[in-house]
Amino acid sequence: MIRYRLFHNRSFSAFSLPLQGPSSTPSHIVQCNQKIQRLTELGRVADARHMFDSMSHRDSISWNSMITGYTQYGLLHEAQTLFNAFQRKNIRTWTILLSGYAKHGLVDDARFLFESMPERNVVSWNAMISGYVKNGHLKRARELFDQMPERSIASWNSMLTGYCHCGMMSEAREVFDQMEERNCVSWMAVVSGYVEISEYREAWNLFLMMLTSGMRPDQALFVVILSAATGLNEVGLVDCLRTVSTKMGYEGNVAVGTAVLNAYTRNGGLDHAVKFFETMPERNEYSWTTMIAALSQCGRLNDAISLYERAAEKGVATRTAMMTAYARNGRLCKARQIFDQIQNPNVVTWNAMVAGYAQNGMLEEAKAMFFRIPLRNAASWAAMISGFVQNGRSREALKLFAELHRSGTSINHSSFTSALFACANTGDVGIGRQIHSLTIKTSCQSNSFVGNGLISLYAKCKSVEDMSQDFVIMRARDYISRNSPITGISEYHMLQEAQKVFDEMPKRDVVSWTAIISAYEQAGQVAIAFQLFLEMLARGMKPNELTVTSLLSACGCLGARRLGEQIHVLIHKLGLNACLFMCNSLVTMYFRCGSLDGLCTFEEMPEKDLVTWNAVLAGCAQNGLGKEAIKIFERMQAAGVLPNEISFLGLLCACSHAGLVEIGWSYFNSMSQDYGITPLVHHYTCMVDLLGRAGRLNEAESLIENMLVVPDSAIWKALLGACRIHRDTKLGQRVAERLLKMEIQGSGTYVLLSNMYASQGMWEKVQEIRKSMKNNGVTKEPAISWVQIKNKVHYFRIGDKRHNEFEEINSKLHDLYRNFKATGYVPDTNFVLHDVEEEQKQDELLYHSEKLAVVYGIMHTPSGSPIQILKNLRICGDCHSFMKFISKIGQHKIIIRDGNRFHHFQDGYCSCGDYW
C-alpha cells in the first residue's frame, strides 16, 4: 500500500516562480482557472500545469483544478506533491485527492487521507463511501455509512447503487425503504437493479409506485422500465408505456422511441414494432438496425432486405446489421459483399463477420478474418473462441483463450463462458479451476452467464470408475436406456462446486436455475433437482424449455410416470406444448417409464423431425415392440425422412429383442448398401446380440472376427451372455479370456462366466472364478429393485429383512408361492448360483429383490392396478416366470424395467415373448 507523507508547512514558493506574468486581477484568475479545467478535460495535463505555473497568483480553485487534473489521469504522485505544497487546503482539496486514490483502487490510501482530514463535511463522507462502493468493499462502505453524523440523499444513493450493482437487492431494498427523500437517481438505481437480476415484476411494481408518488421518470428510467416490460414478455405493458411516454412529452424522443421499438421486437410483437417504426417522427441509425435485426431473427429476411434498401443513409452500423442478417440465414457471400463495400469497417463489423463465418461452421474463414482485424477488442476474441466451442473444437478454443490472456486484452464474460464450456466438453477440470480463479480476480464470477458456465463445468466434469460396458449391450445407453441412479457405476459429479457457484451468484436467471437443476439430474440426485425446481417456481421464475426437459429426463430416469404426467400438464400451462424438442422429450420420457403413451404423444405431434422418429424407434426397442418399430421405420421412409446411425441402432435393437434375425440382417446390410452409413461398433453389438440370442453363436463370433471396426469389450460381453443362455462353455471360456485381458476391473465378465458354470453344476470352476475376483479386488454389483408407492420409493435387496414390513411381505410371498405351485409354477433352480440342496435353492429364489418389491406393491396397490418395478440388473428366468403367474392369477399388470429393457407382464404373458 502506498503512503504519501502529508506536508502541511511546505514553502509555497517552490511552486510559485517569480514571473513577469499577466495581471493577477480576480477576473484574470478566473479565466486561468477555466483554461486549466478545459486543458485537463482535453487530456492536456502538461499544458494545464504550464498555465498553472505561469500564474503569479492562484486561488484555491487553481490548486484544486490542477490536483483534479492529475487525479483524473492517474498521476497520483504529482497530485500528492501538489497537495503537500498547498498551504491553504480546504475540505474540497482533501476530498479531491481522496476521490482520486479511490478512483484508481487505492482505497486504503484514500481512507488514510480521510482519517487525516482536519475537518469533514457530508461530501467528504460521501466520497469515501463512494470509493468503497466502486471498489466492491460494500461491508466497509456500510460501516462508514452507519457512522455518518448526517446524511444527504447522495449518501443514501451511494449505498443504494453499490448494493444494486452487486445484485444485493434485499439489502438495497432495505436502504431504499428507509430513505425519507428520494430523487430520480434513487428510483433509477433500484429499478435497474431489479431488472439486472431479472426480477422484472418487482421493477415494474416499483415504477408504478414511483408514478403514484408523483415523481416524473426521466428518459433513462423510461428506457430501463421498457427493459422490464421486455423481460415480462407482455406486449400490453409496452403499449401502456407508450401512452405514458406520450403524456410526458417523450413521444418524439428518439432514444425512448428506439427503446419502445426494441421492446416490441424482443416481446415477439414484431407486427407492433413494424407499425411503430413507420410512425416514428424521428429515427436514428439504431432504430434502423433494430428493425433489420428483428426481421431477420424472425425469419423475415426479405423484409429486412427491403427495409435496408429504404434506409437513406447506410452507415456502418446499418450495413453491419444487414451483413449479420445475411450471415444468420447462411448467405455468407452476400454478407461478405456488404463487408467489402465498407471502406473503414469498425471492430464491430469485423467481429460480426468473424461470428457469421463461425456460426456457419466456416472456421478457417473465421480464423482468417480474425487475424486480419487491425485492432481486436474483447468481443473479437469472444466471437472466435465461441466459434471453436460451437463447432466442437474445444481444445483450440482453450488455446486461443490462453493466447487472449497472454495478450493483456481484457477478457469479457462471453470469453469466460465459452472457455468454461470448452473445459466441460473436454473434461479438463484443472484448466477449468484456473479459469474459475481468473473470473474471481477479474470480478466476473458473479455474472450469470459465467456462473452458468461454472455450474456446467463442475456438473459435467466427473471421475468415472468402471464405466461399465454393460450399457453398450443395452444398445447405446444414451439413446435407448438410462440406468438408475444406483446401478453401482461410480460417478463423482462435482456438485459441491457447482452448488457453491450457484449459491454465490448474486443474479440468478432461468439459465442459472436450469443449469443447477440439470447438474443434479445428470448426477442422479433427482429429488434435489425437483426441490430446486419447486424453489425456482416459488421465487416467481418461469421455467423454459430446457428446464422442463431436464425434469422430463429425471422422470424417465426414475421411471416416475405419474410425475412425468404432471410435468406434461405443466408444459401445456406454460404454452410449450407446440415446441418440437419438448414433444420429443415427452415421447422419450413416456417410453423410459414403460408407458405406451409415448406412441400416443408421437401420433398427436403436428410436426416431427429425425429426433422424433429416432425416439420412437428407441422406445419401441426398449419396450419389446419389435414389429411396431418396423412399422414406424417404414412410415419414416414413406415420409421421406432419411435415417441416420441412431435410427438403425434403435431398429436393430428392436429386432434383437423380438428375435427377428433375418429382418435384422436385412436392415444391417441396408445401412451401407442403401444409405451409405458405415456401421459402428454399437450396430455390430446389436447384430451379435441378435445372432447370439437365436443360438447362432458361430455366426456371431465370425461377425466379430471379420467386422470392419475394432471390437470393444461390450460386443464380446454380448457374445458371452449368449454363451451363458445356450450353455456353450467352451466358446464362453474363450470369450471370457479375451475380456479379462481387456478389462481386469470389470465384474460383468466374471459374473457371466461364473453364472454359466453354475447353471451346469461346475462348482469347482465357480469357486475358481470367485477366488480370481477376490484376488483382483473385483466385487459383484448387488441386485437392487425398487417400487414407488404414494410418492415414496421403497428399495429391496436379495433376502432383505431390514424393511419395516418384512414379516408381512414374507407371509404374503409364501402364500403366493404355494398358490402358484398349485397351478403349475415350478421354481427354476438353474438360476441359483450356489452349490446347495434343492430346497435351499428354492428358498434363495424366493427372496430375489424383484419378488420382494412386487409383493410389497401388491400389498399397497388396489386390485387390478398396474405395478412398476425398477431393477438395476437383468431379471432372472425364475423371477420372469414368477411375474407371469402374478399377472395371470393376481390380475395385476406388472411392468419391470431391468438393466436391459422393459418387460410388460399381463394375463400370464410378457411383451418380450420369453425372448430376452
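Every residue gets a Cβ built from N, Cα and C, even glycine.
If you check TrEMBL, you get these features:
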DOMAIN    824-916  domain 'DYW'
REPEAT    59-89  repeat 'PPR'
REPEAT    90-120  repeat 'PPR'
REPEAT    121-151  repeat 'PPR'
REPEAT    152-186  repeat 'PPR'
REPEAT    284-318  repeat 'PPR'
REPEAT    346-376  repeat 'PPR'
REPEAT    377-411  repeat 'PPR'
REPEAT    509-543  repeat 'PPR'
REPEAT    609-643  repeat 'PPR'
PLDDT averaged over the residues of the repeat 'PPR' (59-89): 86
- prompt: In the repeat 'PPR' (609-643), how many residues does DSSP put in helix, strand and coil?
  reply: 26 helix, 0 strand, 9 coil
- request: State the residues, same chain only, that lie 6 or more residues beyond the ends of the repeat 'PPR' (90-120) and have a CB under 8 A from a CB inside it; answer 'none' if no residue qualifies.
  value: 1-4, 6, 60, 63-64, 67-68, 70-72, 74, 76, 79-80, 83, 127-128, 130-132, 134-135, 137, 140
Query: For the repeat 'PPR' (152-186), DSSP counts of helix, strand and coil?
result: 26 helix, 0 strand, 9 coil
